[in-house]
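> The annotation domain 'EamA 1' is assigned in Swiss-Prot to 49-174. The domain 'EamA 2' feature in Swiss-Prot is assigned to 272-325. Residues or ranges marked as region 'Disordered' by Swiss-Prot: 1-27. Residues or ranges marked as transmembrane segment by Swiss-Prot on the basis of sequence analysis: 37-57, 67-87, 102-122, 160-180, 190-210, 221-241, 250-270, 281-301, 305-325.
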Amino acid sequence: MAGSHPYFNLPDSTHPSPPSAPPSLRWHQRCQPSGATNGLLVALLGGGLPAGFVGPLSRMAYQGSNLPSLELLICRCLFHLPIALLLKLRGDPLLGPPDIRGWACFCALLNVLSIGCAYSAVQVVPAGNAATVRKGSSTVCSAVLTLCLESQGLGGYEWCGLLGSILGLIIILGPGLWTLQEGTTGVYTTLGYVQAFLGGLALSLGLLVYRSLHFPSCLPTVAFLSGLVGLLGCVPGLFVLQTPVLPSDLLSWSCVGAEGILALVSFTCVGYAVTKAHPALVCAVLHSEVVVALILQYYMLHETVALSDIMGAGVVLGSIAIITARNLSCERTGKVEE
């Protein structure tokens with residue numbers, strides 16, 4: 001037959017053959033977590049979990065050596081100063097570019113105010129409750145401010161997870177607010193909750209300002225400025241407002257050191273996460289700090305954890321699971337190994 005002749009078996013240039021299908025990609029090449037998912041996972045594992053240890057460790061240092069919040073804040077700021085070596089090695093200015101130096105310092109000031117309010121609150125209210133109020137206020141304020149200033153909305157699943165996490169915080173906090181003691185103790189407790197709320201507000205503002213900064217080495221610059229601004233503001237007050245106090249035993253020194261390291265890790269991870277995902281979602285995922293703080297409050301500080309705390313923690317974890325699962329999207333790389 002003519003079709004069997006080699007001549008007729010040559011490829012026809014007038015009818016190009018369909019493109020060959022690309023070779024099958026491996027799973028890790030076909031799918032990879034999106035940027036938002038990476039940010040949320042970093043916020044969960046590197047931001048929320050280490051931060052959950054900060055409050056109980058600070059409470060232990062206060063109980064062991066009567067270490068005030070001002071000294072705790074100064075010790076934490078000291079851990080930020082070695083970042084100057086990294087900036088020097090990279091040849092970057094320590095205070096950031098001159099045109100946005102003021103905003104970088106303002107962001108650092110907001111971070112210091114947030115941390116200071118958190119340390120003051122944790123000394124008069126349970127660590128879990130202080131973390132609950134701070135994270136709840138930061139989540140709500142981040143959602144409102146981002147929607148108003150950046151016009152960046154959320155999807156249905158995100159709102160469901162966000163509102164669910166806030167509901168969990170209300171379940172944790174509600175019974176405690178109804179049983180506030182009267183008199184001086186009740187006033188100090190109320191002020192502690194107010195400080196925790198203001199700390200969350202300052203945190204949300206700091207995250208929004210940080211998102212607006214775009215220059216190389218933004219994260220290490222803001223981290224160094226936070227330590228510098230904190231020291232410049234706290235060291236004079238250390239000698240004016242009170243008598244300086246140092247940790248009196250090895251346990252207190254260990255708590256201060258561990259708290260400073262874990263806080264720096266959490267600060268760095270949150271700074272990375274907020275550039276990848278919505279600030280409100282990052283703050284919602286950081287509610288894992290509350291769950292960790294409640295666990296440590298029971299096992300380390302031997303403070304009572306009510307049934308409402310356990311129920312609220314379960315709601316928070318479920319909401320975090322919804323947010324994380326919604327953002328666990330797979331993106332095709334579109335690249336084929338040669």
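Cβ atoms here come from the backbone N, Cα and C positions, even for glycine.
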> Can you tell me which parts of the same chain pack against the transmembrane segment (102-122), counting only residues 6+ beyond its ends and a CB-CB cutoff under 8 A?
54-55, 58-59, 62, 69-70, 72-73, 76-77, 95-96, 130-131, 133-134, 192-193, 195-196, 198-200, 202-203, 205-206, 209-210, 212-213, 218, 221-222, 225-226, 228-230, 233-234, 263, 267
> Kindly state the mean pLDDT of the domain 'EamA 1' (49-174) in the predicted structure.
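For the domain 'EamA 1' (49-174), the model's average pLDDT rounds to 83.
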> Does the structure show the transmembrane segment (37-57) and the transmembrane segment (305-325) touching, where I'm treating 3 or more Cβ pairs under 8 angstroms (sequence separation 6 or more) as a contact?
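Judged by the Cβ rule, the two regions touch, with the required three close pairs present.
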> What stretch of 250-270, 281-301, 305-325 shows the most Cβ pairs under 8 Å to the transmembrane segment (190-210)?
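Result: 281-301.
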> Can you tell me which recorded stretch out of 67-87, 281-301, 305-325 has the most Cβ pairs within less than 8 Å of the transmembrane segment (250-270)?
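Maximum Cβ contact count belongs to 67-87.
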> Mind checking which residues reach the transmembrane segment (67-87)? Cβ under 8 Å, same chain, six or more beyond either end.
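Here the qualifying positions are 58, 61, 93-94, 112, 115-116, 119-120, 122-123, 217, 220-221, 223-224, 226-228, 230-231, 234-235, 237-238, 241-242, 244-247, 252, 256, 259-261, 263-264.
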